[in-house]
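Okay, structure first, notes after.
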């Protein structure tokens, strides 16, 4: 079998590309060269949106037959922050004490490197006629606004007639150890601003003013008085958290004209953004009556709750993880949002990658042993998926 690059070498190569969102930084070029040499057709569409930076993306595919396994991720990273606080250059890919250091080592250049290493080894052994197709969908706009990335790349692929049967998104899903957790869904996210309107005045003459602060407290209490729900089989209860409260008033002898609070709700699959907003307004109207004047501004959101039902594909990935780590992963929907919220409209999607303890932190790093094990897990998935269990092939 020809030599194929190691997951460490690929991780280091990607880390050394300074792809702070939305910069491409050479990361997509590295992958394009690698995949092109392995026989993939590679395209690099650039998407635009007024008020946001143009973003370059990558789509690569090998094979035309079904089933098609989609492998997804992002090469953009968050800024490194204070460079002096890092033990090593955040774009150096330095190895120390069994770990590779650098921005994106965990989130998620290491995961992409493991996918690529597994696929290259798979193709080197099996050749291009492996009984299906493999597609790579990589964006440079996940850590940023996420408007010129995966969502548009999927629409672009759909217009080209591309179809996918299942997807693995290599996000760092494991809390503590490799093999802890597969994400089979994500909670939705809704942010809103609640403003209570009053009348500004002197504190010594409250009868000439209308203090909005008691009204804000009253309405906030109404939102928090009862749980939104009790959770579902695969989701925790929906949760509302106030994140800012402000009256815009530096003077201690002035009653403010308005009081404003912002809150975020992470919600489960019992709700949609529309039904959740309706429930919020019902509670607020009941509490406000004719005594409190308020406005509620809900931010548009594309982060809806979704669930990939456990099925033979989830079982296949679970078995591969258990075979390599000895751990049976939990099937979870916890955590924040990811690009899986877009992919779920194209095909069933699960997320599995490295241990996420240091993602977005100073001295972000990944264990070399985990890179090897994750690559072995992905290789097991490929071997089982092609030709795969007959139950999986029904969608092809």
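Placement of Cβ uses the backbone N, Cα and C atoms for every residue, glycine included.
Binding site for Zn(2+) 2 per Swiss-Prot: 143, 360, plus 107 from the candidate set 107, 180, 311, 315. Listed by Swiss-Prot as binding Zn(2+) 1 are 74, 107; the candidate from 24, 162, 171 that the record includes in that site is 171. Here the Cβ of residue 360 (Zn(2+) 2 binding site) has 16 other Cβ atoms within 10 Å, regardless of which shown protein chain they belong to. Annotated Zn(2+) 2 site 107, 143, 360; additional same-chain residues within 8 Å of its Cβ mean position, judged by their own Cβ, are 77, 78, 104, 108, 359. Between the C-alpha atoms of residue 76 (active site) and residue 107 (Zn(2+) 1 binding site), the distance comes to 9 Å.
Here residue 142 (active site, proton acceptor) is positioned 11 angstrom away from residue 171 (Zn(2+) 1 binding site), judged by their C-alpha atoms.
By the criterion of other Cβ atoms within 10 Å of the residue's own Cβ, the least surrounded of the recorded positions 107, 142, 143, 171 is 143.
Put simply, 142 is the one of the recorded positions 142, 143, 360 whose Cα lies nearest to the Cα of residue 74 (Zn(2+) 1 binding site).
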